[in-house]
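Taken from TrEMBL, the feature transmembrane segment covers B:43-65, B:77-98, B:104-121, B:155-174, B:204-222, B:242-266, B:278-301.
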Amino acid sequence: MITRRALALATTATLAAPRLVQAQSGNFRIGLILPMTGPFASTGRQVDAGIKAWLRRNGESVAGRRIEILLRDDTGTQPDVTRRLAQELVVRERVKALAGFGLTPLALAAAPIATEAKVPMVVMAAATSVIVQRSPFILRTSFTLPQATAPMAQWAAANGIRNVATLVTDFAPGLDAERAFKNRFTAAGGRIALELRTPLRNPDYAPFLQRVRDAAPEALFIFVPSGEGAALMKQFAERGLAQAGIRVIGTGDVLDDDILNEMGDVTLGAITSHHYSAAHDSAENRAFLESYAQVLPNVRPNFMAVGGFDGMHLIAEALKRTNGNDDGERLVAAAKGLSWTSPRGPITIDANTRDIVQDIYIRRAERRDGQIWNIEFDRIPQVRDEG
Amino acid sequence: MRIALHALPWLVAIGAYFAMPEQLPLLSAIAIAALFALSLDLLVGYAGFVTLGHAAFFGLGAYVAGILGQQGWGEPISGLLIAAAVAALLGLVTAPLVLRAGELAGLMVTLGLGLMLYEAANKAAFLTGGADGLQGVEIWPVFGAFRFDLWGRTAYLYSLAVLFVLFLLAQLLVRSPFGLSLRAIRENPKRAAAIGIPVKRRLAAAYVIAAAYAGVAGALLAQTTQFASLDALSFQRSAEGLLMLVLGGLGTLYGALIGAAAFTIAHHTLSEASPQFWQFWLGIALVALALLGRGGLMGALRRMTRR
């Protein structure tokens, strides 16, 4: 027992000594954990490229410290791997911030590590309301599903849609979306004809869409994770739901900019609500598109890329405010309440919840110059998560 | 000489604790993978019964320990024992189904059972958390004294100790008359039956023991990470266990340890070096290692020492 403790002390001492010297100088290391392989690899690729675009635009040096990104792949479906990678990055690589987190289960699994290690954890993709409550060190630069969904429900009710079927992926964000849509839509006098949940892994959408067709609602509200929209819309076309007069409404995840073009004409006229469209008209977005094209030419950035871009901005701004001090509690304190104009529009990190407050846009899929874009035509300013 | 050779892996494992204090989470992952591969070795390597659904027991153990911890019973050692008992019970219930079908069809039954349990856990979200994983697991300190720390010290020593005890037990088991009868069944089930070995009963016993071992491995994972997810029940888990075992060498017990270490380290290093493309390199590495010849890494080691 004594030897054990002595040994622990000795290890801590030897390890702590060099850390003290390099604490406020040297590289500022960020552990970036993303699904780079597997079914959600597109999310990882977009977030990673978004961060690289920020670094390319603003330089790799912040408050006298060079930003160093350590990228790790968690395959998107193994929360225990995400957790172990977070632990390793903190313990072995001494990262001063954790970032990324492609899906809700992955973010939830890593949250206790952020709390115990006292490092900021910037969630750049996962979108379930509850995530920010799981650790006082979590900050979010993506969005939440209730935040994106409520405006959609309101728009549908206000535009004469009375009867809607919902189809969501059966995990926390999907359930958030289903609940938020139902609450708002039925409060506004609408009716939910059918509620369907598809599995997260290896979903086959055909039988679900057949049931929607049989129920014949006016519109189908859809939430599926980024990247899944292509398979779903393909089935939507093949099953003839469009001919049956069923409209598509949903959160922007379905008509993900990354794959929107390949989905084809079936998407035209679909109405979605989201916080970012690559077609957003602003100087900030044009500059972002330009930097992004230098990192990943021929790929259109989607909302994941913006989550990465803004997450990197948040870390950098916090680091500037602490004058390069990398203490986790000070970084989180500095990040709270920050506001800036992102490529998506004005955003704020709420000082109390550490969650993002942003404009939500209502968009229609249209063909412009031979490509399909989500064209924003309405805006609900500064929406909070109401999860 | 022989004793020194037997002690070597354990000395390496304890040495690693001191030499690599920053790698402990990975080392714990190796110890847990080794226990899972060990449980497969008892069934596949000794009894000659191949399964594709062993993750069912691993995942069940993980969820049992996890749910116990979530519901307010976080005592780790009793958690392990309960997980082992529940997994063994599932083994006992499913053994007749699996054994009845015969070799290839039995393989399909194990696969089917694995998929069934995966979907059941996915649907029973009120109990398991579904695709989001089991949240809020709290495990008490081991013996009330050693907290599971961020560095993974307790997690590693605890996993290693459990692996060591169960390894010794497995060694006793395979050297016992029971173990020898399993080998006889593996070599020739008809002849084994002819000399009076109750083949089905022995295979069922091996199946139940392997299930209990896998349950403990799963419970270790849930306790040391304080988390359980569907991934513990996935087909990939079953397949990786078999890969580790074949890589290390079947029917030697040590092969399971070496295979698990080699596979996990290769997996880790490659995915760190090339986050987008590591699965390709892992595939190449596996093919190359398979060309080492019969008996996996253990076989190669033996041939080297004999020379």
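The backbone N, Cα and C atoms fix where each Cβ goes, and this holds for glycine too.
Just so it is clear, the model here is predicted, and its values are computed rather than measured.
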Dominant neighbour of the transmembrane segment (B:43-65) in B:104-121, B:204-222, B:242-266, B:278-301, by Cβ pairs under 8 Å: B:204-222
Intrachain neighbours beyond the transmembrane segment (B:204-222), with Cβ under 8 angstroms and 6 or more residues off its ends: 31-33, 35-36, 38-40, 42-43, 46-47, 49, 54-55, 57-66, 69, 79-80, 83-88, 90-92, 95-96, 98-99, 134, 137, 158-159, 162, 166, 170, 173, 178, 182, 228, 232
Chain residues outside the transmembrane segment (B:242-266) and at least six past its termini with a C-beta under 8 angstroms from it: 9, 26, 29-30, 33-34, 36-38, 40-41, 44-46, 50, 52, 54, 167, 170-171, 174, 183, 186, 282, 285-286, 289-290, 295-299, 301
